[in-house]
Amino acid sequence: MAHSMAFITVLSLLAIVPLCLSGKTYGGGGYLYPQFYDHSCPKAQEIVKHSVAKAVAEDPRMAASLLRLHFHDCFVKGCDASVLLDSSGTIISEKRSNPNRDSARGFEVIDEIKAAIEKECPHTVSCADIMALAARDSTVLTGGPNWDVPLGRRDSRDASLSGSNNNIPAPNNTFPTILTKFKLQGLDIVDLVALSGSHTIGNARCTSFRQRLYNQAGNGKPDYTLDQSYAAHLRTHCPKSGGDQNLFFLDFVSPVKFDNSYFKNLLAYKGLLSSDEVLFTKNAESRELVKTYAYNQELFFQQFANSMIKMGNISPLTGYKGEIRKYCKKVNAY
């Protein structure tokens, strides 16, 4: 018990420290800071907030989709809006990758926000920054933490299909593989567990976890780390074949509320994806973090905000690198 309390105390201090800093974060070639558009486009954040609220009111799933879109962008070449680009010329769209095909959503929402901001202040606000703000606003709208988003990213002029296929953690990856993919982005095990908590909202397709229900280890048996009554319920709508696109809540307890019930589900062996449950079953340090966040929602919220800022600072294009796209789905014509 004393060890657990000490662990929580240390984690509390670590979570609070970054919030005490100046708000500027250094990103390869320049600083990102929340006030970046205060003079050049003072209404930008309000436009994003209003547009996201409208989109989520029309489709509650959209909050999780916009959060996921930012994550899938940052893990490929950094947070540069490369995920938004359609295929054209030499560009092969990341939308065609395994992690994005048939599941990435929210592109039209980003397009609508961009169009509104272009009317207000043309050629000023990047698509990459819009995505970062939309992810934060989606979190807040569903009951999660708020944070000041460092801004000043620019948009890439290319995409990486291979990067999208290889860098984004997959639902059936092992714990070491997932952690390695996070470390390659400069993120650590605390970031991994905290950011996985975004699965407190949103859905996953049957095809993403079917192997857990029928053949987890290649022996024709279900995953022993999945609660069997929960598994039986999942099988009713996720058969051995067919139903690939059937949707299931990632957090069946409070599927549209951003809270810490995701971690409580893991304690009960009711994490939907294998990549969720391994946080509790395959590593001692991540197991302690899962327990800590399950018992302390405030601490989870603090760390989630810090980890989102850290993820949003992965290899941004700043200064004269990249461009400010007029349309998020295509590079500017020169």
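Each residue's number is its place along the chain shown, starting with 1.
Cβ from N, Cα, C; glycine included.
Please treat TrEMBL annotations as automatic predictions, because they have not gone through curation.
Features as listed in TrEMBL:
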- H72: active site, proton acceptor (ACT_SITE)
- H199: heme b binding site (BINDING)
- T200, D251, D259: Ca(2+) 2 binding site (BINDING)
- 31-332: domain 'Plant heme peroxidase family profile' (DOMAIN)
- R68: site 'Transition state stabilizer' (SITE)
Just checking: which of T200, D251, D259 have a Cα that is within 10 Å of the Cα of R68 (site 'Transition state stabilizer'), counting only these binding-site residues?
none
So around the Ca(2+) 2 site, T200, D251, D259 aside, which residues have their CB within 8 A of the centroid of those CB atoms?
G197, H199, I201, V253, S254, P255, K257, F258, N260, S261, Y262
Going along the chain, which residues six or more apart from D251 (Ca(2+) 2 binding site) have their CB under 8 A from its CB?
H199, T200, I201, S261, Y262, N265, L272
Could you tally the C-beta atoms, other than its own, that fall within 10 angstroms of the C-beta of H72 (active site, proton acceptor)?
22
Per-residue pLDDT averaged over the domain 'Plant heme peroxidase family profile' (31-332), given as an integer:
97
Neighbour tally for D259 (Ca(2+) 2 binding site), based on other Cβ positions within 10 Å of its Cβ:
19
Can you give me the Cα-Cα distance between D259 (Ca(2+) 2 binding site) and H72 (active site, proton acceptor) in Å, rounded to a whole number?
22
For a quick check of packing: other C-beta atoms within 10 Å of the C-beta of T200 (Ca(2+) 2 binding site), how many?
29
